[in-house]
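Enquirer: Just lifted these from TrEMBL, have a look:
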- 51-73: transmembrane segment (TRANSMEM)
- 80-102: transmembrane segment (TRANSMEM)
- 114-136: transmembrane segment (TRANSMEM)
- 214-237: transmembrane segment (TRANSMEM)
- 243-263: transmembrane segment (TRANSMEM)
- 275-296: transmembrane segment (TRANSMEM)
- 308-332: transmembrane segment (TRANSMEM)
């Protein structure tokens, strides 16, 4: 019963902002969250630094995914500090990687790639787990079951990446092809769910001049597919089938990444089959081969302790860590280096 209640609460947490976001975020007013004056100009104006909804939504997605991962790692039997260490190592590597992998693949300094960062995270996750297990067994704790821990990480990634598409909706990036460019059959199917972005500072406008035009709802499809995979995988995980949960989440998200790239219009490199698609296709055989290694074998029956996992969320250490994570990721992803602003301050004379 507790598992069902937890899944219901998570479904509400995911679906309510998802439905609102698909309807509201493509509008112009949901790109810039604030502008802070940073330099006084000679004309009396101030040069502004734009803080974006992209940063707010990305930070929230990171925190939500991390929180779910911590709950499920703790439910797998990992001690609190081991859960935190695992999350911290992966985040410290993957968050910065979202920028420098985009620089390598796309040749752009001022953009992020979740696909590249997640690929690196998937490559490293098994070996981070091995190192954490070596550390905790040295201090007398039982090792974390490998399959359940990897499943917990896959669920956290699925949740975080899905909700991160809200950030893409707000900034107008990761957008789909124009409906007018599709075949008549595809256009007829996708037209009722097409998305129209508004605003000259949206990426879809300055990169493709497609603001105000109906485009494929790639971000919305990704969002709801990931929510479904997350909830279905969570049901398998809590039902004692972590291996099924791992391959459902990993397989579903990476196969969709390959397919969705064909629906996108934004720049993904010069190749017909992009580097991100190659990365996505390689993850499944990689994880499968990892699980064949003796260090990842486990024979015990998995029984998750969800109540212990949820209780972990209310500890001061975890709450403080999640708050710091939100602040850091907000300022890392939310300070727009692609857009600018000029501010003017004045006094209302009639109110003096």
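Here the Cβ of each residue, glycine as well, is placed from N, Cα and C on the backbone.
Just tell me what is around each of these and how deep it sits.
Expert: For the transmembrane segment (51-73), the residues of the chain that approach it from at least six positions outside its boundaries are 10, 13, 21, 25, 30-36, 82-84, 86-87, 91, 95, 144, 148-149, 151-153, 155-157, 159-164, 166-168, 170-171, 173, 230, 237, 304, 306, 309-310, 312-313, 318, 322, 325-327, 329-336, 339, judged by C-beta separation under 8 angstroms.
Sequence-remote contacts of a segment are chain residues at least 6 beyond its ends whose Cβ falls under 8 Å from one of its Cβ atoms, and for the transmembrane segment (243-263) they are 115, 122, 147, 150-151, 154-155, 157-158, 161, 176-177, 216, 218, 221-222, 225-226, 229-230, 232-234, 236-237, 274, 276-277, 280-281, 283-284, 287, 291.
Remote same-chain residues near the transmembrane segment (275-296) are listed as 105, 113, 115-116, 119, 122-123, 126, 130, 146-147, 150, 243, 246-247, 250-251, 254-255, 257-258, 261, 268-269 (criterion: CB distance under 8 Å, separation of at least six residues from the stretch ends).
Counting residues 6+ beyond its ends, the transmembrane segment (308-332) has Cβ neighbours under 8 Å at 6, 51, 55-56, 58-60, 62-63, 66-67, 70-75, 80, 83-84, 88, 91, 95 in the same chain.
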